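In what follows, a single structure is set out as structure tokens and then discussed.
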Amino acid sequence: LQSSNSLKASYEDWLLTYGLSVSPFHMRWQTALFNRQFYNWGRWKPRFLYLWFSIGMVFGIVAMFGSVILLGKTLIQTLTQMLTEAPKAQNDRMLQVVVSVLPSMCFVLLSCPHQQVPGVNLPVSQLTYFFSAILISGVIHEVGHGVAAIREQVRFNGFGIFIFIVYPGAFVDLFTTHLQLISPVQQLRIFCAGVWHNFVLGVASFIVLFLLPAILFPFYYTGVGALVTEVAEDSPANGPRGLFVGDIVTNLQDCPVYSVEDWNSCLGDISEKSQVGYCISAATLQQLSFPARVYRRLDGTVECCSNNSLTDICFSYSNKLDSHLYACLPARKVIEASKVCRSNMDCQKDFVPSFCVTPSLENQTRLIRVKHPPHIDMLYVGHPMHLQYTVSLSSFVPRQNFLSIDLPVVIETFCKYLISLSGALAVINAVPCFALDGQWILNSFLEATLSSLIVEKQNRELVGFLILLAGSALLAANVALGLWMVTAR
């Protein structure tokens, strides 16, 4: 027993020596190694820092009120979506921007769950981006608090990093007595600095993302197509006549592709619109077609080819006498050197009898012609979104073969995560909620503005408590309903 107690004491001394603290689901490390650097930052150009953190104070106060409005609208949208059988895509996109920022940032400082749950709605391949962006956003947030505190003559004790379950974060240790002695306005500069720095980080990441083509111009060029960087093994685009890493996609049907955004937009249009047809002369139609049994599928569409055929597709067309004719034709021979059409009128040329033949496919299924010169066109039959989800592309094409095709994608993806998660940390911490920056921002704001109107400090604290209670309930409702929406899908 004595040996066990001695070992425990040695272990605790070792943790204390290195600034480590370990508890169930939580581990933290605090150090004074960076104190000198923090003091150098806090004393650099005092006038500039005063202006910088004063702007941050105004932003933090506006963000506090704005976050309440934002969460209120989000809660209404979430409830509306839950009560609507067929929610609109627009609402879903808005929720992704607003609600999806609630997740991991809650784990970082709020001890509540984040919407981006690894293994649930976050791909494993994105975990490195996700956790790195969380850590950097948390560090920048705490650097803001630390530098602002030193600028306001508050003693800085140390900086640390923690891991809660699997989520990383950061913190600064300030001398509480000094913090309580300074004026409410000075406190506001300190408390708002974290939110302000996260906003600046998000803006900086957006600028880098926007200027990325210019930044990488000496090494990569854009506007020539979408470069294939990965094709999933189970992708319908995988195969000898499919797409390969390094191919440049230039067209989907008659929709030109100059970037990844064009690729996504074209697939979206193809998915929403009806299947296009292809012009074929009457003589060619008669030559290529062969008798086949026509039958209807369960969804009401018509099939006229053998189920064992891998090259033939059932096409529908109309003539002057009959508007429901079907022919089983070799897809590649029909499509190659043919222009797309919507009706027979689009195919009239040089008085040669022609028809607009349209693939007779199941609902939501499309025949898509993918051009990736100099290779032969890929003919894809399936749901357009399956093609979108299983093929990864980049808008950046290397100027030299030795340059990585993945580097621009890594930078682009990481910037998007920084924008999302740093913005999330700013929004979350601005909410007037217990245990968040918003709690201290609200208290200092009330002290700075209501001291003359509400003389009794207890009454001001009561007003603050009621507001914090409402803000906490609003945030909790958003997180709970947001998680329910994620898991329900």
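Quick reminder: no glycine exception, Cβ is built from N, Cα and C everywhere.
Summarised as a single figure, the pLDDT of the domain 'Peptidase M50' (129-469) averages 91. According to TrEMBL, the domain 'Peptidase M50' annotation covers 129-469.
Per TrEMBL, transmembrane segment is recorded for 49-72 (among others).
For 93-110 (among others), the entry in TrEMBL reads transmembrane segment.
Listed by sequence, the residues of this chain that lie at least six past the ends of the transmembrane segment (130-150) yet keep a Cβ under 8 A from its Cβ atoms are 38-39, 41-43, 49, 53, 56, 104-105, 108-109, 116, 118, 122, 156, 159, 161, 166-172, 174, 179, 189-191, 193-198, 201, 414, 417-418, 420-422, 424-425, 429. TrEMBL lists 130-150 (among others) with the feature transmembrane segment.
The transmembrane segment annotation in TrEMBL covers 159-179 (among others).
Residues or ranges marked as transmembrane segment in TrEMBL: 199-221 (among others). Packing against the transmembrane segment (199-221) from elsewhere in the chain are residues 59, 63, 136-137, 140, 395-400, 403, 408, 411-412, 415-416, 418-419, 422-423, 426: each is 6 or more residues past its ends and has a CB under 8 Å from a CB in it.
Positions annotated as transmembrane segment by TrEMBL: 417-442 (among others).
Here TrEMBL flags 462-486 (among others) as transmembrane segment.
Residues 42, 98, 144, 147-148, 151, 185, 188-193, 195-197, 199, 426-428, 430-432, 437-438, 441-442, 445, 471, 474-475, 478 of the same chain, all 6+ positions outside the transmembrane segment (49-72), place their C-beta atoms under 8 angstroms from a C-beta of that stretch.
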